[in-house]
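Read through the structure below, which is laid out as C-alpha cells, and then see the notes.
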2 protein chains.
Amino acid sequence: MSFTKLDQLGHKLEALEHALAILGADEATHMAVGGGEKRAEAMAALAGMHHRQATAPEIADWIEAAEGETLSEEQQTALREFRRQYTNMTCLPTEFVERQTTARMRCEQLWRDLRAKNDWAGFLPALEGVIALVREEAAMRAEALGLAPYDALMEQYDPGHRAADITPVLSELKTFLKGFVPEALAVQEERLAKTPLRPLSGVYAIERQRELGLAMMAAVGFDLTHGSLSVSHHPFCGGVPSDVRITTRYKTTEFLSSLMGVLHETGHAMYEQNLPKQWSHWPLGKARGMAMHESQSLFVEKQLGRNPAFWDWALPLVEQHLGESWSKADILPHVHLVKPGLIRVDADEVTYPLHVILRFELEQDLVSGKLNAVDLPEAWDAKMRDYLGLSTIDTPQDGPMQDVHWPGGAFGYFPSYTLGAMMAAQQWAALEKQHPAVNDDVAKGRFDAVTDWRRQNIWSQASRFSTPEIMERATGEKLNAAYFTSHLKERYGA
Amino acid sequence: MSFTKLDQLGHKLEALEHALAILGADEATHMAVGGGEKRAEAMAALAGMHHRQATAPEIADWIEAAEGETLSEEQQTALREFRRQYTNMTCLPTEFVERQTTARMRCEQLWRDLRAKNDWAGFLPALEGVIALVREEAAMRAEALGLAPYDALMEQYDPGHRAADITPVLSELKTFLKGFVPEALAVQEERLAKTPLRPLSGVYAIERQRELGLAMMAAVGFDLTHGSLSVSHHPFCGGVPSDVRITTRYKTTEFLSSLMGVLHETGHAMYEQNLPKQWSHWPLGKARGMAMHESQSLFVEKQLGRNPAFWDWALPLVEQHLGESWSKADILPHVHLVKPGLIRVDADEVTYPLHVILRFELEQDLVSGKLNAVDLPEAWDAKMRDYLGLSTIDTPQDGPMQDVHWPGGAFGYFPSYTLGAMMAAQQWAALEKQHPAVNDDVAKGRFDAVTDWRRQNIWSQASRFSTPEIMERATGEKLNAAYFTSHLKERYGA
C-alpha cells in the first residue's frame, strides 16, 4: 500500500528532524564554543539526507497511487499535506536551490559585517542578487502551485493566506494606526505627566529571575516534563514537541523584558507540546504555519501576559521571587509603554504592525519588479516618515538593513508577524465570548478555560485546514482587523 | 576512485555519529523527562540509517577496488581500518543480529528488575539465551576474522589483544595481588591505628565543587573550548571530539569521589579532544579501543590524580574553592583507601583487577561452553572467596548479577578495564624514564611534559596500529605487569 510507504517515510523524516531540532537548540545553549564547525558539517549532512529522502522521485508515485487507495478521512487529510509538502519542496530545480543557497549565505554573511558599518553601498549588489533569484523563485513556485508569485512565496510560511485577502485587512489596520499611534502617545504623556514612571530598577539574581519564569511558564500551562528553559544569546523556541527547548537571556538590572520573552516563547512551546501525538510523523501533525505560530506566542505574551488582569495574579508571584512589592499602577506603565522607534524587534504592540506593513508593501514591489533594491533607502524612508514620523535616510543600518529576512531570501514571511497579532486578538475575543468571565479567571491564575479553548480550536487542528480556515472555524468569521484595533483602543486609547 | 567513495561515506557516517553522540549525551543531561520515548525512536532510526549505510554491499567492492589503487601510506592505513570496521560490522547475518538484539534487550530489562530482587532463578533463563547466542556469535566472528572465538569477541573492543598474550600477564597480576591485598590492608591498618582517618566531611555547595572540578580539568589539559562538564546520574564521557561532554554527580557531603570521577572522565575526554582532526571521518581517526581509552582515563585518575605529588599542587586549589585547609596527611589516606568489597565499580585500584580477572576467567569458560550459566553462582563465589575472601553465594545480585555487561551480551569487554590500568602504569613509567623530574612538575601543576608525551605516543596514533603495537611503540616493550605491580607496591606496600 502506497500510503504505508509514505507513513514509513514520515517516521524516517521525523527522526532526522528530531536530530536537527535538538542539535540546533543544543548549538545555541550547551555546545562548546569550538564545536561549531563540526556541528555545521553534521547538520548540513543531516539536512541533505532529509532533503534527499523527502524529495525522492518515487514519492510522487506513492502520492499518486495513494490517492487511488481506500483511505480513512484522517489518512486522506494526511495525504493532502504529504502532497503539499512534496510540491513545495520539489518545485525548484536542485541546480537553482544550490545557486540560491550560495547567494543567500553570502548575502547574510555580508549583512552581518556591513550592517554594523552602515554600509548600504557595499551591501546593495549582494541584495540585488538575492532579489533577482527570489523573482525567479516566485515565478517557479507560482507555476507549480497555480498561485500569484507573492502568494506562492507566502504559501511556504503560511498556507492559505493570499495577498488579495490580507491586503484590505492590513490597509484598514494601517489607516487606523496612523491615527491611533499619536492618540496613544498623547494618552500616555498625559498619564505620565500626572504619575511619572516609577523605575523597576533593582538588581535581581539570574537564578531568581529564572525561577520566576519557570513558575509563570508552569502556571500558564507549559508542560515542564516535556520541555525546558535555558539561556541563549537570542531567545527562541526549538526542540521537538516531546521536549520543547525555550530560551531567554537575563539582565540582572532588567527583569521585565526577559520575563515577557519567556511568556512569548511559552506561547510557541504550548502549540508544539499540544499538537496531536499520533500525527507527529506526518506533515499533517505539524503546526500550521508561521502566522498561526505567532498568534500562539502573542496570545500568551500580549493577550495574557500584558493583560492588566494577569498582573493581579502575577504581582504576588513576582514579589515571592524578586522580593519587590509593586502595585499594578507601578508595573502596568512599563508593561504597556508605547515608544515609536526605528527597530522592529524593539517595537511595542501598537507601533509594531506599521513596521511589518511597511515591509509587506515594499517586498511585494521588490518581488513584482515595481521596486528595485537601489531605490529601497528612499522608499523605506518615505514610508517610515509617513507611518511613524521617523527618518532612516542617513542610517540604512536601521532601515532596509535592519532585518536578516531579506538577505536570507525570506520574502513573504513578514506579514506573519502582524497576521499573528490580529489572529491572537480575534482568538481572545472568541474565547471571551464563550467564557465572559475569562479575565476573572486570569486574575486568579486560572488558565484552564483559556488552555482548553486553545487546545480544542487551534492545537488539536495541527495542519488539518489552511490558516484562514482554522481561524474561521475557531472564531466563526474571517480575519477581521476590528478585534485587534478594539484591543489596542481598550488598552492604549483615550 | 573507490577510495574517494569511502572517504565520502566517512563524512556521512561521521554526521550520523555526531548526531547520535550529541543526542545520547543530551538525553542524560538536558533532555526533559518526558522526551525519552521520542528520543529512543529517533536514535533507533538514525542508528538504523548508520548501520545500513556502513554495511552496504557495494562498500565491499569499493574496499576491494581501493586496494588496487595508488594510495598514500596514510590512505593505505585508512583503508585497512575501513576494512576492519566493515568486516566487524558485516560478519553477522542481519537475521541473527535482530534475534540477538531482542534477546539482549529483554535480558537487560529483566536484569534491571530482578537484580534489585536478588532473583537469580528468574533471571537465569534469559541469561542462558544470551549466552547461547554469544557462543554462536563468537563462532561466526572467529570464522570471519580467522581468530579464536573469544579473541574474535575481544577484537570488537580492543583490536589486537589475544587471550594467549594477555592471560599470562593477568595470571602474574593475579598471583601478585592475592598476596599483596592482605599486605596493603595490613600496612593501612597499622597506619590508621597510629593516625585515625580524619573525615573530610564538610558541606560543599555543588557550584563550588563544580568550579573546583573545572579548574582541575583545565589545569591537567582539558580544552574547555571543545568540551564541557555537566551533571548526570551515571558519570560518562560522550559527545564528539570537537565538543566532548563529560559528566559527574555531586553530593554536598562528599566531594572526593566526584572530583576523582571528573579526573577519570577528563582522561577519556583528552584522548578524544586530541585525536588527529584530519582523520576524524575515517575509522583510522577514532580512538583505538576500550583498553587504550581506559588507559587514558586511569592515567589521569590514578597515575596523576592519586599521585601524592599531585596533591602538593591540588590542595591549595581545593582550599581556594572549598575553603578547607587540609594537609597531604589528611587527604592521602582517603585518596588511597583500600577496602575489599563485592562490587567492582566501587573497588579501589588494588582490588579492582581481581574483580576483572574473575570475570575474564569465567566469561572465557562461558563462551567456550566449559561453564554454563546455571553453575555461575557457585563458580563466582568460589573465585570471590579465593581472590578476596568474600562470599556471594547468598547474594547473586552482588555476584554474577552485578554488571550489565553479560545481560547486554558484551562478552570480551571486561579485560579492557585491567589492561587499561596496566597500560597506564607502563605509560607513566615510560614517561618518567624520559622525564625523570615528572613528579616535580606535577607537584607544581605543570602538566605540559605529561601532555606532550601522551599526545605524541598515544593520541596522535589514533588507530594507526593495534593496541599492543601502540603500547610497544610508546613504551619500548610489550605489556608487562611489572609496571603496575611496582606502582601498587610503591603506593600501597610496606
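Quick reminder: no glycine exception, Cβ is built from N, Cα and C everywhere.
TrEMBL annotations:
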BINDING   B:His264, B:His268, B:Glu294  Zn(2+) binding site
ACT_SITE  B:Glu265  active site, proton donor/acceptor
Zn(2+) site, defined by B:His264, B:His268, B:Glu294: further same-chain residues with Cβ within 8 Å of the Cβ centre: B:Cys237, B:Glu265, B:Gly267, B:His293, B:Gln296, B:Ser297, B:Leu298, B:Val300, B:Glu301, B:Gly420
Neighbour-count leader, CB within 10 A, recorded positions: B:Glu265, B:Glu294: B:Glu265
B:His264 (Zn(2+) binding site) CB neighbourhood, other CB atoms within 10 A: 23
Packing count at B:His268 (Zn(2+) binding site) (other Cβ atoms within 10 Å of its Cβ): 22
Inter-residue Cα distance where the pair is B:Glu294 (Zn(2+) binding site) and the residue listed as 'active site, proton donor/acceptor', in Å: 10
